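As written in Swiss-Prot, here are the features:
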- Ser158: active site (ACT_SITE)
- His185: active site (ACT_SITE)
- Asp278: active site (ACT_SITE)
- 2-119: domain 'Response regulatory' (DOMAIN)
- 141-336: domain 'CheB-type methylesterase' (DOMAIN)
- Asp53: 4-aspartylphosphate (MOD_RES)
Amino acid sequence: MNIGIVNDLPLAVEALRRVLALRTDHRVLWVATDGDEAVDFCVAHPPDLVLMDLVMPKVDGVAATRRIMARAPCAILVVTASVSANTSSVYEAMGAGALDAVDTPTLALGLSTDASPQALLAKIDQIGRLLESRTAALVPPGPAPERGQPTLVAIGASAGGPTALTALLRALPADFPAAIVIVQHVDQAFALGMAEWLDGYTRLPVRVARQGSVPQPGEVLLAATNDHLYLSPRGVLGYTRHPVETPYRPSIDVFFNSVADGWQGEAFGVLLTGMGRDGALGLKAMRAKGCYTIAQDEATSAVYGMPKAAAAIGAASAILPLERIAPQLISRITRPLRD
């Protein structure tokens, strides 16, 4: 994998070089010391992956991510001194299109820490699988579902998701009558913080989904672990390790398919910005079961991958700009219409 490094600290750059040198399949393509240089390098010498620091002179990592995704889109992994100390900026960068975040490796530390070489390499491998994979797994159907379940809005998002989710959720009223469950591609270390972050931007309560949680009208639940979130036929949320071989955990396809297979109440599917194809087949399964489904359009997507895949296979009842998705949900849920 050809990798670009964006970091103004020589010691951090050297640490990244040494970690990447542990793998013969990784090569440092270039090093930029600020966001402006990073944008220019991405245009002139497109990498497979950018390792993006957050705090830099001139143009910081959030602004650089936004500019790169606009001019020369590529996979971006935030690598910064302390993810936990920069959570707001991490979510901003992910909202602009970054795929994940990890602490800058410190070679003197043990191998089990979040700042270890292995932690960085694991994130790079995960992104590599996402870039290469074009498959999605389905959840087998369960027994007969329970009746009387409320209206459900199932949302999937990846790169660019935090910003898109913020815009969508803040446009919903406090008395929104449906339950909302979100699967966002994010490491479990950031899930609780992201739920709290989203909660600050919406009139609806946002919390992480626990094993055994039940979706309730007017409440937003966010997938919270690196296992796959699914809905049982009785309308209870759970987590599963299977399927094991998926490029991203949690999988949007797994969740959407569980909704299609077992949710008895009315359901809506929404697939937002993201890289790859996760969610496209699950959205199609939901539409095949009579659910109204929406894919975000290209113009408003930070990364037009997942919604593009959904559009290509006819999975979306409607392809809408981000600002029209919430009004469409409000209209359809208060005045139900058939696809």
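Cβ coordinates are placed from backbone N, Cα and C, and glycine is handled just like the others.
A quick note: this is a predicted structure, and the numbers were derived from the prediction, not measured.
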Residues near Ser158 (active site) by Cβ (under 8 Å) yet at least 6 apart in sequence within the same chain, in sequence order, are Leu99, Gln184, His185, Tyr248, Ile252, Leu272, Thr273, Gly274, Met275, Gly276, Asp278, Val303, Gly305, Met306
Same-chain residues at least 6 positions away from the residue listed as '4-aspartylphosphate' with a Cβ under 8 Å from its Cβ, in sequence order, are Val6, Asn7, Asp8, Leu9, Ala12, Gly61, Val78, Val79, Thr80, Ala81, Thr104
Measure the Cβ-based neighbour count of His185 (active site), defined as the other Cβ atoms within 10 Å of its Cβ.
27
Which of the three DSSP-derived classes (helix, strand, coil) applies to Asp278 (active site)?
coil
